[in-house]
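Listed in TrEMBL for this protein:
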- 86-123: DNA-binding region (DNA_BIND)
- 84-122: domain 'Homeobox' (DOMAIN)
- 131-334: domain 'TLC' (DOMAIN)
- 39-56: transmembrane segment (TRANSMEM)
- 136-155: transmembrane segment (TRANSMEM)
- 180-199: transmembrane segment (TRANSMEM)
- 262-285: transmembrane segment (TRANSMEM)
- 305-326: transmembrane segment (TRANSMEM)
Amino acid sequence: ILKTLNSWFWWENIWMPINVTWAHFVDRDGLVFPKPHQLYATIPYAFVLLIIRFFSERYVAIPLAKALGIKNVRRVKPQPNPVLESYFRECSRHPSQSEIQGLAKKCNCTARLVEKWFRRRRNLEIPTVLRKFQEAFWRFSFYLTSSIAGFIFLYDKPWFYDIWQTWVGYPFQTLLPSQYWYYMTEISFYWSLLFTLGIDNRRKADFLAHVVHHLAAIGLMSGSWCGNYVRLGTLVMFVHDTADFWLEAAKMFNYARWEKTCNVLFVIFSIAFFITRIILFPFWILRATLYQPTYYSTTPVIAYFLFNGQLLILQGLHLYWGYLIFKILRRFIFLK
């Protein structure tokens with residue numbers, strides 16, 4: 001069954017234009033092509049990024065937070081109690097008064113002590129300001145580094161200025177070393193975010209949107225790697241990263257209670273977000289993926305619909321987040 005599914009998944013009519021096979025993608029005459037098996041390396045690379053994250057958060061983010069006046073608040077742990085712990089995990093974190101009375105009888109203690117235990121136990125689940133600062137610092141560091149690296153990799157490429165160049169010579173476009181590392185690092189980063197979803201600061205408002213975004217990003221980048229849509233892929237990654245580090249910087253100063261700096265950075269982020277995600281992405285990137293391929297092939301392959309479907313999902317998330325950002329800006333401007 002797995003062998004059959006594998007043959008269906010790598011069926012050339014899904015990925016390649018007509019009369020093109022996987023055999024055409026063997027390195028030759030100085031041309032180097034992306035290989036699907038290279039994506040396996042993103043998993044160990046993700047753990048490398050997690051190690052880098054650990055040391056950067058501990059030895060850079062914490063001293064920086066202290067310099068900005070953020071204190072490490074130590075929360076009091078409740079006394080170990082298997083009965084209350086089991087109830088907290090399996091039943092409710094906010095027991096009613098009658099449930100508290102019943103638990104107090106089981107534990108042979110007062111209802112006030114049970115209430116105190118649950119309050120302290122709930123507080124342990126809330127990330128401290130320092131922990132939030134560390135997470136924002138890591139994301140800020142990655143997005144800023146990725147944006148700078150992306151600009152260095154792309155500024156001298158013709159397709160950075162003329163989007164039609166992304167299709168010239170397709171699918172026999174050689175893979176550059178900078179493109180390899182750009183892809184591997186980005187995919188590994190989103191793997192690392194998925195691995196740490198359970199321990200990172202959970203955002204109730206858009207947690208599901210983040211999960212969908214990370215999965216769509218990994219699927220889109222991996223698929224574009226296999227189909228050699230690398231030129232377009234690097235542009236998509238660059239457009240996404242250039243706005244994100246402003247948001248993470250705003251969060252860092254928000255946690256440090258530098259209100260004016262936070263507000264300025266958030267306004268800059270909002271402008272960058274609307275330019276890159278609401279204008280450039282649909283009218284530049286999506287135009288290149290939806291409209292321009294019809295000039296190079298009269299018969300779109302299945303991958304055309306798969307990739308554009310995922311890109312449209314991302315655009316839907318952009319509109320959703322743009323709506324949230326607009327609500328915040330409206331409150332900021334009109335309600336102070």
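Just so you know, glycine gets a Cβ as well, placed from its N, Cα and C.
Bear in mind that TrEMBL entries carry predicted annotations, made automatically and left uncurated.
If you look at the transmembrane segment (39-56) against the transmembrane segment (180-199), you find at least three C-beta pairs under 8 angstroms, all six or more positions apart, and that counts as contact. Packing against the DNA-binding region (86-123) from elsewhere in the chain are residues 75-79: each is 6 or more residues past its ends and has a CB under 8 Å from a CB in it. Relative to the transmembrane segment (136-155), the listed stretch 180-199 leads the set 180-199, 262-285, 305-326 in CB pairs under 8 A. For the domain 'Homeobox' (84-122), DSSP puts the residue distribution at 30 helix, 0 strand, 9 coil.
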